[in-house]
Protein chains: 4
Amino acid sequence: MAGNSIGQLFKVSTFGESHGVALGGVVDGVPAGLELTEADMQFDLDRRKPGQSRYTTQRREGDEIKILSGVFEGKTTGTSIGLLIENTDQRSKDYSKIAEVFRPGHGDYTYWHKYGHRDYRGGGRSSARETAIRVAAGAIAKKYLKQFHGIEINACLSQLGPIKAEKFDWSMVETNPFFFPDDTKLESLDEYMRDLKKQGDSIGAKVTVVAKNVPVGLGEPVFDRLDAEIAHSLMSINAVKGVEIGDGFDVIEQKGSEHRDELTPEGFTSNHAGGVLAGISTGQDIVASIALKPTSSITIPGQSINTQNESVEMITKGRHDPCVGIRAIPIAEAMLAITLMDHLLRQRGQNPHVNLEHGPIPAQKPV
Amino acid sequence: MAGNSIGQLFKVSTFGESHGVALGGVVDGVPAGLELTEADMQFDLDRRKPGQSRYTTQRREGDEIKILSGVFEGKTTGTSIGLLIENTDQRSKDYSKIAEVFRPGHGDYTYWHKYGHRDYRGGGRSSARETAIRVAAGAIAKKYLKQFHGIEINACLSQLGPIKAEKFDWSMVETNPFFFPDDTKLESLDEYMRDLKKQGDSIGAKVTVVAKNVPVGLGEPVFDRLDAEIAHSLMSINAVKGVEIGDGFDVIEQKGSEHRDELTPEGFTSNHAGGVLAGISTGQDIVASIALKPTSSITIPGQSINTQNESVEMITKGRHDPCVGIRAIPIAEAMLAITLMDHLLRQRGQNPHVNLEHGPIPAQKPV
Amino acid sequence: MAGNSIGQLFKVSTFGESHGVALGGVVDGVPAGLELTEADMQFDLDRRKPGQSRYTTQRREGDEIKILSGVFEGKTTGTSIGLLIENTDQRSKDYSKIAEVFRPGHGDYTYWHKYGHRDYRGGGRSSARETAIRVAAGAIAKKYLKQFHGIEINACLSQLGPIKAEKFDWSMVETNPFFFPDDTKLESLDEYMRDLKKQGDSIGAKVTVVAKNVPVGLGEPVFDRLDAEIAHSLMSINAVKGVEIGDGFDVIEQKGSEHRDELTPEGFTSNHAGGVLAGISTGQDIVASIALKPTSSITIPGQSINTQNESVEMITKGRHDPCVGIRAIPIAEAMLAITLMDHLLRQRGQNPHVNLEHGPIPAQKPV
Amino acid sequence: MAGNSIGQLFKVSTFGESHGVALGGVVDGVPAGLELTEADMQFDLDRRKPGQSRYTTQRREGDEIKILSGVFEGKTTGTSIGLLIENTDQRSKDYSKIAEVFRPGHGDYTYWHKYGHRDYRGGGRSSARETAIRVAAGAIAKKYLKQFHGIEINACLSQLGPIKAEKFDWSMVETNPFFFPDDTKLESLDEYMRDLKKQGDSIGAKVTVVAKNVPVGLGEPVFDRLDAEIAHSLMSINAVKGVEIGDGFDVIEQKGSEHRDELTPEGFTSNHAGGVLAGISTGQDIVASIALKPTSSITIPGQSINTQNESVEMITKGRHDPCVGIRAIPIAEAMLAITLMDHLLRQRGQNPHVNLEHGPIPAQKPV
């Protein structure tokens with residue numbers, strides 16, 4: 001399959017470059033009858049949008065989404081939904097100097113080698129700007145999952161550089177510019193980011209995304225396991241270098257007697273597994289975390305080469321996020337929603353007698 | 001897509017349960033002209049085979065692979081290759097008691113809910129026994145990649161419980177039963193495992209897999225990124241709860257000035273990225289790590305329920321690995337090989353003018 | 001996708017050559033809970049088997065199917081089903097002379113050019129022997145479709161050379177060696193075939209396949225239309241050179257007032273469309289026809305070339321069918337069943353509120 | 001896979017309804033470096049456009065194509081190409097009366113049953129208007145195939161109702177409004193169409209499409225045969241009820257000695273096979289024909305039902321083509337081009353050592 005599509009029954013195909021005419025895509029497989037307007041997508045697009053706070057890039061992106069097809073009289077028709085976001089604030093002159101140079105830590109080098117020809121304006125297709133359409137498509141999935149199955153998907157920033165969330169108060173997340181669930185850390189986050197800006201440097205982050213009320217039974221053995229496809233969709237987000245399900249890398253030092261989630265007639269007693277056993281959802285919360293690298297677009301000079309293999313010194317100017325992890329919150333939610341939606345449709349096709357409507361056995365361990 | 005296939009141009013489809021008649025599969029998309037015999041696969045199957053040392057299960061699995069098609073006069077014909085491993089040592093009586101009970105940490109509960117009917121003998125399709133065919137298919141990919149492109153893929157155990165490898169001496173890996181690259185830790189590993197067996201418990205592990213001589217340019221933006229598909233294939237291995245590319249979760253605390261791999265006319269000066277930038281291979285070593293949970297098949301009693309939702313106490317008898325990570329070495333190699341092979345064929349189709357034969361710019365940072 | 005798989009949610013992957021060790025495949029996506037034994041497949045395999053009458057090849061093929069996985073305690077488990085047929089009567093010496101020669105009308109020339117290396121024994125992978133596994137997989141789909149949805153699929157020979165069926169008495173079909181629905185033509189068929197054998201020649205045929213009780217709503221706009229995927233699956237049968245849905249090529253000379261199937265509260269008044277409108281099933285009978293070419297394996301000498309591009313004269317010896325159309329009856333049924341099964345699962349996934357259980361509006365026009 | 005995508009390495013995904021805001025799509029897998037402008041697509045869009053002559057509908061469709069991404073400095077970048085056609089002449093009031101009524105021979109009935117909710121304006125997604133994006137995507141494939149491989153694809157109307165082309169003079173095709181290759185029939189075509197308009201009726205047609213200079217070796221056994229995928233893509237065109245490769249349905253009455261294409265050192269002596277043997281291209285011309293039904297949008301009253309299952313009488317007003325076959329010429333070319341392009345990329349991936357540049361063995365039989 002060519003690479004710009006994801007999903008089987010719920011399939012999202014996208015196009016668009018950072019500084020091209022427009023971004024857009026085709027969302028295929030949305031069941032008929034879902035009420036849908038642009039506003040349903042705009043909310044998440046605005047959460048992702050840069051220029052929202054002093055901690056994210058001051059680039060202004062309109063990110064105004066348009067539905068071009070697949071919705072009639074306010075409801076989805078079951079046919080493919082065309083989406084479009086026109087690029088309005090392009091300032092491509094910012095980028096003209098880097099046409100011949102490979103920025104370290106960026107896709108410039110690999111795109112040039114792969115294709116022999118690249119759109120150098122702002123990263124072209126490799127820019128995170130591309131994720132705007134993912135967020136829009138994910139918003140459709142989120143709405144469907146919530147409305148017809150009660151599934152809720154939320155993400156937060158669980159770590160920024162050395163600062164870890166020590167409590168997960170989800171009611172906090174949308175009230176601070178860091179999407180951070182631990183209000184005791186907001187001041188240190190603020191201070192940390194101010195220092196970072198002074199240094200002209202950037203920092204990595206961890207994002208945790210949770211789906212609640214997922215029915216038991218989603219995921220197909222053995223290659224299309226739910227966790228394998230979640231890993232695929234989360235790792236496809238720009239800057240992600242690691243994916244964990246449940247306890248993730250902590251399992252290395254766990255013993256079996258400690259890790260296994262025991263079962264009682266009232267439900268599981270813990271959720272080390274993160275809601276997936278043998279690749280199939282357990283009905284507990286799906287819990288996944290991702291590690292996002294620090295952006296390489298920083299003002300500290302670095303050495304690089306140009307297309308003639310000559311040594312050059314690089315300083316990335318322009319308006320960039322010192323921590324790309326912050327804006328990844330709605331993207332992580334979107335990608336988890338896209339994968340769950342696809343698996344829900346597949347499970348429904350394959351196992352029609354399984355009741356997907358009622359809730360799962362509740363997890364005892366709060367996240 | 002139904003879940004028992006992986007890959008697009010190089011596609012592997014498998015079948016088989018732990019205690020069924022046989023395991024097998026179809027390996028489709030192997031180019032014509034590769035010399036291939038059963039012996040090419042048997043080597044890796046034997047590395048994976050249980051009963052090899054006192055640290056892995058004493059179950060005896062013949063794991064004798066047969067080629068049923070797709071090879072003529074010693075060479076592949078370009079048509080699909082049928083593979084078969086007959087199950088010889090089944091002892092299904094060991095498992096009859098658990099037919100109505102869900103073992104904690106296993107797929108029993110999820111399979112039962114998903115399908116309403118399950119093969120309870122040894123985990124059925126959810127057993128790691130299924131990976132034998134992956135290893136065989138991966139061995140075909142490994143041979144092709146090495147012979148036609150010089151690509152080499154090797155994995156090792158980089159951590160077992162609290163014991164981490166502090167040096168990576170690849171020449172050590174095949175000389176000890178732990179596939180461990182650090183010979184200064186062999187004694188403590190031995191001691192740790194003996195203690196664990198006495199306790200009747202199990203332990204998690206970390207496996208690192210590296211591909212050398214990968215050409216620049218593999219991977220398709222934006223959803224079929226090479227790292228996203230590697231995450232998919234590695235997370236599809238039984239017991240895996242986390243996947244990292246390059247520095248993985250360490251990037252959370254890295255700054256941009258530290259993380260970015262600078263470029264010089266002689267090559268990259270480091271490989272924090274793990275050989276992938278913007279989803280496309282850089283020509284440096286591909287480095288990935290996975291976290292494997294401790295097996296839940298332990299002799300320490302645990303609480304569970306049966307299909308009537310009644311409380312029961314579980315002790316898993318039978319012959320099980322105290323650390324399933326050890327046997328995952330050839331499986332991790334196989335899955336990385338399957339994904340690289342698929343991307344190599346795709347890249348060749350899409351970008352015929354890119355020279356995939358010559359080597360990449362060398363990485364300076366040894367792994 | 002590599003070429004040896006078909007279907008999305010119901011996916012069949014096959015392997016095997018005419019004179020290899022075995023034929024086999026993976027049938028993925030069968031819902032759990034279907035009672036299944038080898039006997040369910042053997043019936044159709046026997047209908048396809050050569051050596052059944054004097055009008056088909058006298059080659060003896062055991063065609064004994066084995067289920068290797070995916071069935072437990074007599075029922076499907078929802079996991080992938082492994083199938084195997086061992087080749088028993090190979091006589092490969094018959095074919096050794098043609099190793100360097102391209103038989104006209106066969107795949108020898110194209111396989112050799114595509115792969116540079118081919119299994120020349122009896123056509124290798126291009127032999128119709130490969131269809132045995134399709135028939136077995138199709139039998140699973142037929143059983144499921146009938147048992148859970150009341151759908152019945154039947155094919156017959158509607159024309160052999162110049163002799164056309166003028167009535168369609170389905171009760172006749174299994175009572176004569178031609179699978180012909182018109183008993184007034186049996187004598188002329190017999191005479192025609194005897195003459196043909198004397199001449200050492202072969203003849204083309206037309207096969208018609210009908211699915212009854214198909215629910216309205218199967219098929220996905222716009223590329224995965226039901227008729228487009230039926231055309232795909234039927235054209236993939238060896239020797240097929242044409243596919244028609246409903247009136248097929250007769251529509252060229254029809255007027256709109258004649259072709260359109262009018263609707264009344266009691267149902268459609270005709271079925272020119274063959275049960276598909278705008279790519280979606282109408283609930284009427286699905287009617288498709290295929291044209292099968294005469295086999296090129298005949299004893300009348302013909303000119304050809306060898307791999308050195310030298311002129312040679314060919315006579316195909318060995319045991320061949322003078323009309324391959326006759327044995328295509330169960331193959332056509334199998335391929336239609338595979339496609340309907342896949343679309344049924346997809347429709348169920350996408351549109352769960354549509355009732356697929358009850359029957360369609362009846363067609364008035366008998367086929 | 002959701003139904004609005006076609007192809008594996010060259011993948012086209014589309015959206016849009018007859019009277020929606022816009023039509024569009026994503027063309028994925030175009031290799032980097034192809035010079036491409038809107039004008040390359042506009043030529044074929046204009047050939048397809050209605051309102052061109054008195055024999056096609058007088059609806060005016062702007063059909064102005066825009067490239068939104070994937071092209072930089074005049075060349076493709078290897079990333080996905082976004083396409084858009086805004087709908088300008090919608091006149092949806094023409095259609096408002098039919099909201100509750102099922103037009104016979106249209107998708108109204110099947111869409112309503114499948115989705116329970118439909119865009120009734122001009123057929124919505126089931127309108128042939130959707131094919132505009134196919135034509136644009138096909139034009140990209142045609143340009144690539146011609147420029148890099150010398151492959152040329154042309155279609156013509158080979159029959160309209162009872163009037164058959166008796167000679168194939170390709171130089172005629174673009175000089176008459178019927179795209180007819182036989183100039184001796186132009187007067188009778190003209191007369192026939194005038195009569196038809198008076199009657200308010202419509203007529204079926206046959207379109208023949210030919211690809212020249214196709215290299216030997218395209219097509220994957222056994223399910224992704226080239227002819228099977230051509231059948232799929234051609235049958236997916238609106239109104240198509242039959243597909244033939246080479247001699248098609250004529251093979252039913254052919255003998256083997258007559259049908260087989262003999263080989264000489266100078267090439268094949270005939271092309272009954274239509275350029276495909278065993279599912280793989282022979283290097284001869286690929287020849288395919290399709291049967292298009294007469295449109296059901298006619299002014300002769302017909303009986304139908306409404307959504308309440310009540311009897312109604314239908315007259316389709318509005319502006320419709322009396323022979324939809326005429327406008328299908330560029331659509332048939334586009335679909336054949338899309339399928340060949342996909343197979344070319346796949347073949348290149350799988351069999352890199354096969355020379356796809358040089359031409360095939362020439363066919364002796366002119367088409």
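In case you wondered, yes, glycine gets a Cβ from its N, Cα and C as well.
For reference, TrEMBL has these:
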- B:ARG48, B:ARG54: NADP(+) binding site (BINDING)
- B:ARG125, B:SER126, B:SER127, B:ASN238, B:ALA239, B:ALA278, B:LYS293, B:PRO294, B:THR295, B:SER296, B:SER297, B:ARG319: FMN binding site (BINDING)
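Secondary structure from DSSP puts B:SER127 (FMN binding site) in coil.
Fewest other C-beta atoms within 10 angstroms, among the binding-site residues B:SER127, B:THR295, B:SER297, are seen around B:SER127. Under 8 angstroms separates the C-beta of B:ARG125 from a C-beta of chain C, among the binding-site residues B:ARG48, B:ARG125, B:SER127, B:LYS293, B:THR295, B:SER297. Looking at B:ARG48 (NADP(+) binding site) and B:SER297 (FMN binding site), their Cα atoms lie 19 Å from each other.
Proximity to chain A (CB-CB distance below 8 Å) holds for B:ARG125, B:LYS293, B:THR295 among the binding-site residues B:ARG48, B:ARG125, B:SER127, B:LYS293, B:THR295. Around the Cβ of B:ALA239 (FMN binding site), a 10 Å sphere holds 22 further Cβ atoms from the protein chains shown.
DSSP gives B:ARG48 (NADP(+) binding site) a helix state. In this structure, the binding-site residues B:ARG48, B:LYS293 were compared by how many other Cβ atoms lie within 10 Å of their Cβ, and the smallest count belongs to B:ARG48. Around the Cβ of B:ARG125 (FMN binding site), a 10 Å sphere holds 28 further Cβ atoms from the protein chains shown.
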